[in-house]
Protein chains: 2
Amino acid sequence: MLSNHLQNGMDTAKLMWSRLPKSEVEAEADGSTADEVGRYKKNDGIAVESLDYEVIENCAYRQEQAKRGKIYRAYTVLVKWILALLIGTGTALAAVFINISVENFAGWKYSLTFNIIQKSYFAGFLVYMLINLALVLSSAWIITQFAPAAAGSGIPEIKGYLNGIDTHGILLFRTLIGKIFGSIGSVGGGLALGKEGPLVHIGACIASLLGQGGSTKYHLRSRWLQIFTSERDRRDLVTCGCAAGVAAAFRAPVGGVLFALEEVTSWWRSQLMWRVFFTSAIVAVVVRSAMGWCKSGKCGHFGDGGFIIWDISGGQEDYSFQELLPMAVIGVIGGLLGALFNQLTYYIAYWRRNYLHKRGNRVKVVEVCIVSVITSVISFGLPLFKKCTPCPDTDANSGIECPRRPGMYGNYVNFYCGEKEYNDLATIFFNTQDDAIRNLFSAKTIHEFSAQSLLTFLVMFYSLAVVTFGTAVPAGQFVPGIMIGSTYGRLVGMFVVSFYQKLNIEEGTYALLGAASFLGGSMRMTVSLCVIMVEITNNLKLLPLIMLVLLISKAVGDAFNEGLYEEQARLRGIPLLESRPKYQMRNITAKEACGNQQVVYFPRVVKVMDVLSILKGNNHNGFPVIDHTRSGETLVIGLILRSHLLVLLQSKVDFQHSPLPFSSRDGPIPIRHNLTEFVKPVSSKGLSIHDIHLTPDDLEMYIDLAPFLNPSPYVVPEDMSLTKVYNLFRQLGLRHLLVVPHASRVVGMITRKDLLIEDNEDIAGVELQTTSVSRDHQGDRSLSRGKPDAEQPLLDMVF
Amino acid sequence: MLSNHLQNGMDTAKLMWSRLPKSEVEAEADGSTADEVGRYKKNDGIAVESLDYEVIENCAYRQEQAKRGKIYRAYTVLVKWILALLIGTGTALAAVFINISVENFAGWKYSLTFNIIQKSYFAGFLVYMLINLALVLSSAWIITQFAPAAAGSGIPEIKGYLNGIDTHGILLFRTLIGKIFGSIGSVGGGLALGKEGPLVHIGACIASLLGQGGSTKYHLRSRWLQIFTSERDRRDLVTCGCAAGVAAAFRAPVGGVLFALEEVTSWWRSQLMWRVFFTSAIVAVVVRSAMGWCKSGKCGHFGDGGFIIWDISGGQEDYSFQELLPMAVIGVIGGLLGALFNQLTYYIAYWRRNYLHKRGNRVKVVEVCIVSVITSVISFGLPLFKKCTPCPDTDANSGIECPRRPGMYGNYVNFYCGEKEYNDLATIFFNTQDDAIRNLFSAKTIHEFSAQSLLTFLVMFYSLAVVTFGTAVPAGQFVPGIMIGSTYGRLVGMFVVSFYQKLNIEEGTYALLGAASFLGGSMRMTVSLCVIMVEITNNLKLLPLIMLVLLISKAVGDAFNEGLYEEQARLRGIPLLESRPKYQMRNITAKEACGNQQVVYFPRVVKVMDVLSILKGNNHNGFPVIDHTRSGETLVIGLILRSHLLVLLQSKVDFQHSPLPFSSRDGPIPIRHNLTEFVKPVSSKGLSIHDIHLTPDDLEMYIDLAPFLNPSPYVVPEDMSLTKVYNLFRQLGLRHLLVVPHASRVVGMITRKDLLIEDNEDIAGVELQTTSVSRDHQGDRSLSRGKPDAEQPLLDMVF
């Protein structure tokens, strides 16, 4: 029909695209982003800008594709799997490197301090504090001077990227480097934060860099990897990277897949599961090999303490129904404390962004240093005020020494104590976090900790975690969350032990449940968190209990606020589109949602000067293109993107002197562009109107936009409810949606059977088949039948 | 704009719907089904028919909704969670009932047989065979006489339902009953099939019945549960039911969630994860409680043998890199044997459907009986030909007795053997399948089985499984798959043990990997299967190995054919829409896909006689409705469904004498229908045109369709590539999609910022907010700007 119109209407051109092979839907049904998103709640910190998700879907691209054929497709699939392998290996190696470094720094720090405090406590404290300060300072320096986007956990930003918002700089090579070394400093420096969130970011960075074939800026590009021009492919890779990050951080391959699925992605495809799964499996194998290599003692202080994994198989395997009540209480506490944590961090981060961090990098560094000193003072000083506890009667079989030997990992830290005594507060405070958690989770150590110590630790560590969150260092919230949760979990466990005297209750099991509850109350994950907890503790029997606790804590937390990542994304001005439309959208139509918006059209052939002035005159990112039939009617022939127009203006090769559109009589449209020119590098700002320099002669020339526009953008009728529009937009990951008036007629109806095409490369055969399935039967006697070109249906007589 | 047109064009009516609150998108963006799907590869067996997914989205419905308000919404949410609780409890109880029954039947059968064979082997065989025959016969009788839809595993049908195709009868109450009792008979009767697939179907049936408030036919309905009129809600419940089924079958709650996510659903929403997770947790708790109750001996023969769970924590925990090669070999074997299994069962099932089962129920019953007798002969007879093996040197600590005591579960079955001897073939063959698997998986029993016995068993059992699949009894493929896989896995393990002498290799671990590989090669699941295997064996340390094996076996299997469920769905004429469009679709436009289809229109006000003749004259399920402006132009005002028209014709209350449309001047449109009238019960055929009886007077009357049509169906422009159309259709789960010509103008553009509405009940405020964000800035200097009503853009001067 369209071609009919145009054949009648236009002298010079047949629109090429209608006869050329169409590109994959992936080209458009792909990414989504905010137009002018920077102005929506724009925050001052990291600039949020829009993503160019829509890859050009036009003649040139399709011709190129058609030329390439089957071998190219096989090559693409192969490269995808090779990239998954590389992402897995890279992320696993990065995780191993960070872990070995942190363990070595921390091990060296603690042995030095323990040696010195044999002589002087004050000197020991000074050395401890200074080492911490130096490590933290190095981290803050890297972040402020070199890679500002590497601060924080990075998960909200990655989540935003996968939702369609490209925060500037989050996936650059410098961010990767900053994140790796920054994490070593901040975690090694003993701050109340973890290395797991940053590892997710690291995985995503590795994936993104591999996907674009290396770093653009540092000229580390490999051409043969540069085949991923569609944002969907890039996003898939980043999803793999996130899964790899979690798999490496917790040695939880299945948890990684589920984390990627549940928490970070916005558009999940079942095909992707398979590739993500493969990446996670690679991570598991590489990490295991590296740890096997380290077992022979080649990694210095790195030993059992490295890699967050706590074998609590010695824990409680059975539970009685009486215990469900205290466990539910743990869930409620987790929900409350988690929601409080989200709220407090939100306020503090808000204040930081709007007041403190506006004063420049020096303030940020000073802030981090103050936090570091406070942390050192508390973790060294508080145990000094605690009286030592005599060691319990040693059970020779348990293998637990009391006090533990200096420089080793384990329970019962002797700190300022006599022989056969230990300091329970130092056991959790003056220790690496991984060891502290191991001690809190430990079974067969009933009454190791006093309630007073646990309570002190809980309050202090909670405050430290709140204050540390949002400082200018890479920071994950998993490990602090587990610390906080396991502390109150163990507290509840202690009460249960003394209340139900006879049951075989392990305080360590309650600590585990507490950890799950706090993470559930703060991050609001369910299945993935459950699997991660099971994988890191290596005890499947507790699964139903973890599920129960998570259900309660998430429900309680949801009553107060959103999850940690959503809150932080909101704060950073990352406008995530949730999967569910808002309730009030049902009362708004698509037209009302557009409001008094003025649509800016382009004609098919446009003067360069006009392009420039239109682009300068507004900041829309997509423009409908219209053409005229001979009878003078307008017809919307497609959508063109600002970014593609800018590329055209910059390259100038498509300028023509004639104001007439390109005609098929002139031969096939020549391809003057490499497709990659139209692709914006990830995390950069892309071309801007100010990069364009045109001579007065250029301004007088014309461009035929037909080959560069997307000829069939998705459309919705003007009175569709916004709920339906939202679902369409969100489910297909769109960026622009045209609102059009009601159609005057229907060309056809697509139903399921039209889409059931057998796997058959012969297209002619396919068409024959789909049309021959059942249409011959369709109502020879049907009363009313719209002829394709009839203006009036036959049933007019009813009126 | 639409209303402008109509105000000018029509004297009598303003279209009510444009000013009424719009209903949720869930009403339409919901289910998908095939029009005339029966004719697409229609098979003779169970009639496939189309689903009425599209719930009426019209004035009446919306008015009713608006009246109900917040309290009703809260009530709906509450009922959803209560239903999840009930589904979990119900499915768990059904699973417990089936397990207890099977264990008791089987236990009684084996102790009786063992007692008799002390006197006569032949008498023992007769008794054994007859008991099996009686059980299997009862199952076949139930299926053929009472619940034909309960045959097979039911997973392909459920998958089809969730993809949008309602196979007749699969979710009825009688199917539920047939499935429960049929499974007991077929599994208790010792056939080579399992009870896990049927449990998924049972969970889905329970969910569906609860969702529609009970069984319609048996008048077991509860009004207060009948609030789920949307197919999306029903589908969500069925998804919960599937997860509950897997959780109950394998005691694998997380595996259940993942199975529902990966294998059965077609539209996954992240909100659903949370509810599915809850259902699975409930199942875990209920099953655990029931088993705790049984431990005290109240359940007869039901003991450790019941419930598929094998603790192989005694297995190999470490592996060397040398072992990766044999493990990869297991993966390859699994892929090959799995693909072969799919292919063989496809051919046999095809033959059965088209030749054997056409001859009626008697043939089906005879077939099942023959299979049962053959199974009995093989499982009893083959071990007799096997020489007995002397018991290995007993390790007092291992707790394994040889031979095991009669009537107990365990390894080393004494069958026709002397003292201190056992028959290794009887240990796996003459045993319940759960025990056989436990024996195959068992660690610390190196060289229990001879290679010859394993090979014999593998060949025999594989053949039996292939032949049994597709007979008229409820049948799952999980347990047979595990049996087959663990047999060749153990074979490979034996060779590895003798080849790499010194390593600490457990044959049981190889058996587990074999089981995973066969299931992966046949069913092609990845993450869910991985988690299920880990949960049923309760050993997390093997996770990376299971992942590796699954990756290989799925890849190998995919090279040959589709997964078992997809193959079977295809065979049964269930046209699943895959998540990925076919490659050749990119070369087809939407218009071409519609082919020479004739669109049948309805006018807004239509004569009853014409409705009847149009409906009789074709079998379309959806019709565009058109109206005229005063200038004579047609305008597509919506889509009406055949099923809704049939309801209107049957109820007659909306007939009117006047051919004029309903006008708002007559007051609000009266609601004469209960919404539930428009909802088709699940698994039934719904109204047919033959159910309509009209008097000649009725035929002369008119209906105004405006209140009953869907005013904004999704539309696509005619030259959109089918790949994009497919994604839209599949992602939103549509049933009809209108193909329309290119628009003549654009009313507005929807971008991300238009969809970012704060959670605010005040709609006026919302509109203010969304429109005030940035539109004031939009290009005062913009050269070209389409006025809403301007026919020509300003940039005409370019031409």
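Heads up, residue numbers simply count up from 1 along the chain you see.
The backbone N, Cα and C atoms fix where each Cβ goes, glycine too.
For A:77-100, A:120-143, A:171-193, A:237-260, A:272-291, A:324-345, A:365-385, A:454-472, A:478-500, A:512-536, the entry in TrEMBL reads transmembrane segment. Here TrEMBL flags A:709-765 as domain 'CBS'.
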Candidates A:77-100, A:120-143, A:171-193, A:324-345, A:512-536; stretch with most C-beta pairs under 8 Å toward the transmembrane segment (A:272-291)
A:77-100
The transmembrane segment (A:120-143) and the transmembrane segment (A:365-385) contact flag, 3+ Cβ pairs under 8 angstroms:
yes
Are there residues at least six beyond either end of the transmembrane segment (A:77-100) with Cβ under 8 Å to its Cβ atoms? List them, or say none.
180, 183-184, 187, 195, 199, 202-203, 206-207, 210-211, 224-225, 227, 233, 236-237, 240-241, 244-245, 247-249, 275, 278-283, 286-287, 290-291, 294, 299-300, 302, 306-307
Residues of the domain 'CBS' (A:709-765) by DSSP state, where helix covers H, G and I
18 helix, 12 strand, 27 coil
Long-range CB partners for the transmembrane segment (A:171-193) (under 8 A, at least six residues beyond its ends), listed in sequence order, are 94, 97-98, 101-102, 105-106, 109, 131-140, 142-143, 146-147, 149-151, 154, 161, 199, 201-202, 204-206, 208-209, 215, 217-218, 220, 238, 371-372, 375-376, 379, 432, 461, 464-465, 467-469, 473-477, 479-480, 483, 682-684
Is it true that the transmembrane segment (A:454-472) and the transmembrane segment (A:512-536) have 3 or more CB pairs under 8 Å, sequence gap of 6 or more?
no
Find the average pLDDT over the domain 'CBS' (A:709-765) in the predicted model and report it.
79
Mind checking which residues of the chain, 6+ beyond the ends of the transmembrane segment (A:237-260), have their Cβ under 8 Å from one of its Cβ atoms?
83-84, 87-88, 91-92, 94-96, 158, 161-162, 171, 195-196, 199-208, 210-211, 228, 272-273, 275-277, 279-284, 287, 307-309, 476, 478, 525, 527-528, 531-532, 534-536
